[in-house]
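Below is one structure, written out as structure tokens; the observations come after it.
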Amino acid sequence: MSLTKNNIPFLYTSILYFSGFFLFLEWLYPVKEITDTSNLSIFIIYTLFCFFISMFQMKWWIGFLLKGFGLLFIIDGLFFEYGFMSKLWFDYLFMEIAFNLEALFSQAWYQLTPIFRSVLFLLLIWLMSYLLHYWFVVMKRIFLFVLLTFIYLAILDTFTIYDAGMPMVRTFIISFIALGIANFMKELDKESIRFTWIKKTPIWLIPLVVIVLFSTVIGFAAPKLEPQWPDPVPFLKSTAENAGSGSGSGVQKVGYGEDDSQLGGSFVQDYTPVFQAAVAEEHYWRIESKDVYTGKGWEVSNDPDYQQQTNGSISLATFHPEAVETEEFEAMIEFQGNTDIDKLIYPYGIQQVYAAEADYYLDGFSEAIETRVNGEAVSLDSYTISYNNPSFDLTKLREQTQSEQPEFQDYYTKLPEGLPNRVGELAEEITSAYDTRYEKAKAIEGYFGRNGFSYQTTDVPVPAEDEDYVDQFLFDSKVGYCDNYSTSMVVMLRTLDIPARWVKGFTSGEMIADDVAETGDSFDVYEVTNANAHSWVEVYFPESGWVPFEPTQGFDNLTDFHTDVEDNTSEEAQDDVLEPTPEMNEPEPPEVPEEEAVTVAAGSNPDSFELKAWHIAIAVGVLAIIALIIYKTRFRWQTFIVEMKFTKKQDAKTYQDAYHHLMKILNYKGITKEPDQTLREFAERIDERFTTNEMGQLTAHFERMLYKDEINHTKAKELTQLWKNLIKRIMG
């Protein structure tokens, strides 16, 4: 007897299989945080789709077609811009296959395209849906997968930014309940015990669940020793740095952080919302600036000196308001989730802040504004800012050549002694054809887009101990994100004795609502996420103040510039100043990283799954096919349900339901009882047709029960088997 097929109720096999499904999800969740994978929810939906098909054990070719179609459907939505299954669609697909096969055979792993890697990932999910059904439901050998899941989470928690605390708790609960059920099922099979659905059956589950939950609560709440072993990560990192040349990369997480002393390395995206802002137009969200470049990152030369601001009025001017045109606006900021930034996020030209019971403290050097309540630095829930948005006159910027005071010049042109000479030589070469400060700044800003530099967030190297961060980016890697571009521009400007500083904050985010009316004014609402963290450049102009520049490829400068109508500047010159490079017209790349100890800025939205009308039509079609399959196999599922009831309770009503279900199946197969036939005559006809005597025995028992109210419980098992055998014969 096969326990799996005949005895175990569908509920228990479902619990086992879905335990495998939820454990597999614990393998998927970290992917978003430790890699640059976006749209993880799409892969989770495909996982559920594959597990659903495997659970119902459809014919292999039906399951193959459905899973394969789902794979193509997802790939098309994520990557293809051509009509589904069109000639161009297939041409592009075959081109991708040919390119990636060539890369595979040549072992050029980094050349594998996102489409090919996504297909491999989906195929892995497909395979796991089958393997976990085999391990959990058929063989009920789940311990190895449980053990591997714990090891996997422990490794990620130790060596990556992924926090596996709660995943470990979830895995413990799921695993031990599944292990309990699996071992119980195996014992029944081993002892050849019939699994009957009596009323007390669920009782054995209660102590299992109680023990697991009690153990979880105790383990979670009990006091724990501090880590007894030293953290292996610093040792491994130092070993790797000493063994290599600095081409390796540390993985960080996107977002705002305060420590920028060690820049470089890859990052993983985090699209967790930080705040929503209602504003009249897009602009940078500033937090602070830093002035000391160390060769590895940025620091502030002076210790923080926070001065309290009076009644929310902020005494900060990054530009000269008397020389720069401004327009007065208000912005309303509301933080989302568990955001913990105890500094004000503000636009250029900030004047006044309105928030209940909050005090503001300005550090005049870094221009960071700390928010405090009762003397303690806190993150506010919401506030409103009034500000004068600047618009810089390009004509005036081009004309400014005045030198600054020596003290000011020293602060913002300071460079480390070990900076390689070739950095300054490159800056001289780029700007040799220009005379004014503005032209030189624009020349360096546009240099990256014309000389083979790539915006990249993965495989970004960390400079070795004897390497300079900027030098490595400019001459070796030529790949990186905003920190690389902004830092390099500041350093090159400083080699030319042009005062410049590094600024960090957020880009404008993604518009989620437009023309929202508020107190008579109209606003656009933007959502700013951790992925919008960003760094850019400010260059000092004596008559205008600090002017923002945007060297990072894929990003536009959000600052307003204008040219007076009377200006004699030619259109060509204006185009050279105002038109973005081709790279800047590309879609905004994903933004940059943040680890608790290291900040890397960022700023844009991920490639999203484009939902088209025909996508919906295909999804409806697939659901219709599944519904049709379920309908066509409805008698098999109904038989299972009736059998489950009959196994649980042998009474007159249940037996009548079973017998009527048998008659319904016969009717479906075209074998109907004539009006003048008795049940016995009909039973003889059935037995004669199928060469058996099972229908006669079932009918005789049915008549005794119906007319004599006689139920033979001792024959319940035998009658159940007769009923099942006859249905199998009829269904063929």
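Glycine residues also receive a Cβ, built from the backbone N, Cα and C atoms like all the rest.
Note that this is a predicted model, so its numbers are computed, not measured.
For reference, TrEMBL has these:
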type: COMPBIAS; residues: 568-578; note: compositional bias 'Acidic residues'
type: DOMAIN; residues: 474-553; note: domain 'Transglutaminase-like'
type: REGION; residues: 568-591; note: region 'Disordered'
type: TRANSMEM; residues: 6-25; note: transmembrane segment
type: TRANSMEM; residues: 37-54; note: transmembrane segment
type: TRANSMEM; residues: 60-80; note: transmembrane segment
type: TRANSMEM; residues: 115-135; note: transmembrane segment
type: TRANSMEM; residues: 142-162; note: transmembrane segment
type: TRANSMEM; residues: 168-184; note: transmembrane segment
type: TRANSMEM; residues: 204-222; note: transmembrane segment
type: TRANSMEM; residues: 613-631; note: transmembrane segment
Contact between the transmembrane segment (37-54) and the transmembrane segment (115-135) (3 or more Cβ pairs under 8 Å, separation 6+): yes
The transmembrane segment (115-135) versus listed stretches 60-80, 142-162, 168-184, 204-222: most Cβ pairs under 8 Å: 60-80
Confidence summary (mean pLDDT) of the domain 'Transglutaminase-like' (474-553): 90
Tally of DSSP helical, extended and coil residues in the domain 'Transglutaminase-like' (474-553): 21 helix, 41 strand, 18 coil
